[in-house]
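Here the structure is laid out as structure tokens; the discussion comes afterwards.
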Ligand code: SAM
């Protein structure tokens, strides 16, 4: 996968040289190209922002440098086109599902902004000929989009084939489509079996795969009920067996759907 990022702080992306993502780059699974937005300015101050039309506080990023920068990136491969991801708190939520969708794309272009964001005409211009998604990583406001890009590239990058040591790790993750859709992963443990008087749940030492899978699912349901109860209302009734339904009822979330897993 090719990833391009245009930013006034390309140095913010040093963490992409480390750990899983760094290794994916070394192995050629992920190619990251960082671009300094100011390289597409033409004044001595390398200005990228101006006052907002309509008044109000803060500054808005000028369309000119963004347009030239995006054109410059597109020129790298005129035969193809990237999916453009514009981080903004007013975008659609970034989810595991979206991370999986992006992981299947060959080319992504991120446009992290600063100040009050990018002049909307930039999104209109490219939205007319490319897929442009305005995406939020959460209901809070960051000072700039660089951190949001780091979050998204890490979530997407670990899904690329060959990046995770064990491809199955992503299948059991919280939110993973399938049996974990709308569920949080339960607690995890490693050796030793007892630490400071805390014991690992006996079932995990039993070697009984069926009981372990059942325990993990129960814990996922319990944790979701405790930390993210709103997710339970989005569970697919067809994926819930009798045991799930009984537990959900005990937890105070009775299921009314007709279809049931066996
Ligand atoms: N005035 C904007 C608003 O209220 O929507 C906030 C602008 S914010 C200070 C500057 C930039 O940080 C945004 O344009 C975006 O690139 C990035 N940003 C801030 N919060 C974000 C979030 N939750 N998700 C994605 N990007 C975010």
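Numbers run from 1 along the shown chain.
Any Cβ shown, glycine's included, is placed from N, Cα and C.
Here the structure is a predicted model, which means the values were calculated and not measured.
As written in TrEMBL, here are the features:
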| type | residues | note |
| --- | --- | --- |
| DOMAIN | 1-233 | domain 'tRNA methyltransferase TRMD/TRM10-type' |
| BINDING | 137, 138, 139, 140, 141, 142 | S-adenosyl-L-methionine binding site |
If you draw a 10 Å sphere around the Cβ of residue 139 (S-adenosyl-L-methionine binding site), how many other Cβ atoms fall inside it, taking every protein chain shown into account?
7
Which binding-site residues out of 137, 138, 139, 141, 142 lie by ligand 1, going by a Cβ under 6 Å?
137, 138, 141, 142
Env. residues of S-adenosyl-L-methionine site, Cβ within 8 Å of mean position of 137, 138, 139, 140, 141, 142 Cβ:
89, 136, 148
Cβ neighbours within the same chain of residue 142 (S-adenosyl-L-methionine binding site) - under 8 Å, at least six residues apart:
89, 148
In the structure shown, which of the binding-site residues 137, 141 has the fewest Cβ neighbours within 10 Å?
141
Around residue 140 (S-adenosyl-L-methionine binding site), how many other CB atoms lie within 10 A of its CB?
7
